[in-house]
């Protein structure tokens, strides 16, 4: 019987920095007895314990591969000399919860995931982790957990779905993704598409397992995981069903044990330079606005000083290169075909736009990883050359002004107008705007203002994909500006500004906008203003009170009490 397993001495890192308390000595006999029941033999108590945290479920195709991949990780941990222990956490499907009460819970799930992984890892004193995720909020939730725990960790993405294919009534044939269905709903409601074609699109959009295929939030965060150095190089782009994913899973299991041997922890990797690399890659791909929210939250957990201003500072230097959906023509599978994320990273590194000395989960630097992979050049079509970009600056911008003194976020990659000015149409929450659009009350040139959808006021900072999809489907995508203290889906297209801070419930200027007020957005100057006299605005504040809280019990009530501004990443604490 193994009762004692000696710790390492000298300068060599302890490969079991946390689990000795449950494996070593007489007092650990009860814990060892429990561990024997789940498969430990005498020789296993000397091995590092690796938590394999999986957000697998059967609710959404995004996570279907994770059961298979977790088992491959387990094999890799064994091969590396560790003992793997799989445990689960939740995941919410944004695609299913979109446009109704369920979306209040989406961003909340990010915190639940991070908290639940922390809880298991801390309670069981597990030494290291491999964190598997497939849907929008589970990716940042896992990365937040890694940063918070600061143990040896590797992140692994489930992979994206293959595009669907549809043939419409008029003979048109095209690839489709989930976002096409949201836009088809709007087109059908506006009489621009038949119910038959809507049905055809519905049946085609999800041909199998994997996350939504464009450069939407899940794929953006997968690219960020790789750019941060928290995922194995080349692991973000292969589709979910591709067996290369099993190889990456096995290697991730081996890698985390090697990180323990070398004493490398998450915060050794997740430095300010790593976050700057992640922002640069996001800008080059034209990634989701949600990346801003999530990177701020992950950086806070890593104790890295990341501010909204960093996104503009970096974005002004980085060209937008990815011709990717929702605004472009291609999907993540196409990125994989031309070499994956390393192709973009090498191009940026060669141009002096990345920190090549940033450490990664391989134990090597970013530059060393790219030299070993030797990725191909940018193909020039899916990923444009640096001297022939889609836009000269990055795909995201932070705006500030009298309407958003705390900041707002816009995906400039799809913003066709440099300057937009129009009269406000104000709605308390999303449903009112949907009803007005259906009734034909929203016209070209309007600025649709949806408020009380912020982190605290929603609560949960819902994504506005239902209304943006409906606006585009109605043929108004280039003619109506939508702004909100809520969020937008990574699949949103059109003139959209989100994350307006302070939010309405906190008496931000958005709370005092009235129908007919002129609002002006100037993208080149990154300004965002309410063109109302200051004296008039002050008069509107007299006697003002926010809308009453919608939820007084349960997780949403707790969340509303704890959550901070979107300008700080909507973190809780």
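Cβ coordinates come from backbone N, Cα and C, glycine included.
As annotated by Swiss-Prot, active site, proton acceptor applies to 489, with the evidence given as sequence analysis. For residue 489 (active site, proton acceptor), the Cβ neighbour count at a 10 Å cut-off comes to 31, with all displayed protein chains included.
If you look up Swiss-Prot, you'll see 62, 135, 212 marked as [2Fe-2S] cluster binding site, on the strength of sequence analysis. Classification of residue 135 ([2Fe-2S] cluster binding site) by DSSP places it in coil, neither helical nor stranded. Residues near residue 135 ([2Fe-2S] cluster binding site) in space but far in sequence (CB under 8 A, at least 6 apart, same chain), listed by position: 55, 60, 62, 63, 91, 92, 93, 94, 211, 218.
Cβ neighbour count for residue 94 (Mg(2+) binding site): 30 (other Cβ atoms within 10 Å of its Cβ, all protein chains included). Secondary structure at residue 94 (Mg(2+) binding site), as computed by DSSP, is helix. The Mg(2+) binding site feature in Swiss-Prot is assigned to 94, 136, 137, 463; the stated evidence is sequence analysis.
The N6-carboxylysine annotation in Swiss-Prot covers 137. Counting every protein chain shown, the number of other Cβ atoms lying within 10 Å of the Cβ of residue 137 (Mg(2+) binding site) is 29.
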Candidate nearest residue 212 ([2Fe-2S] cluster binding site) in space, where candidates are the recorded positions 136, 137, 463, 489 and distance is Cα-Cα: 136
Cβ contacts of residue 136 (Mg(2+) binding site) (under 8 Å, same chain, 6 or more positions away): 62, 94, 106, 211, 216, 217, 218, 221, 290, 490
Structural state of residue 62 ([2Fe-2S] cluster binding site), classified by DSSP into three states: helix
Inter-residue Cα distance where the pair is residue 463 (Mg(2+) binding site) and residue 489 (active site, proton acceptor), in Å: 5
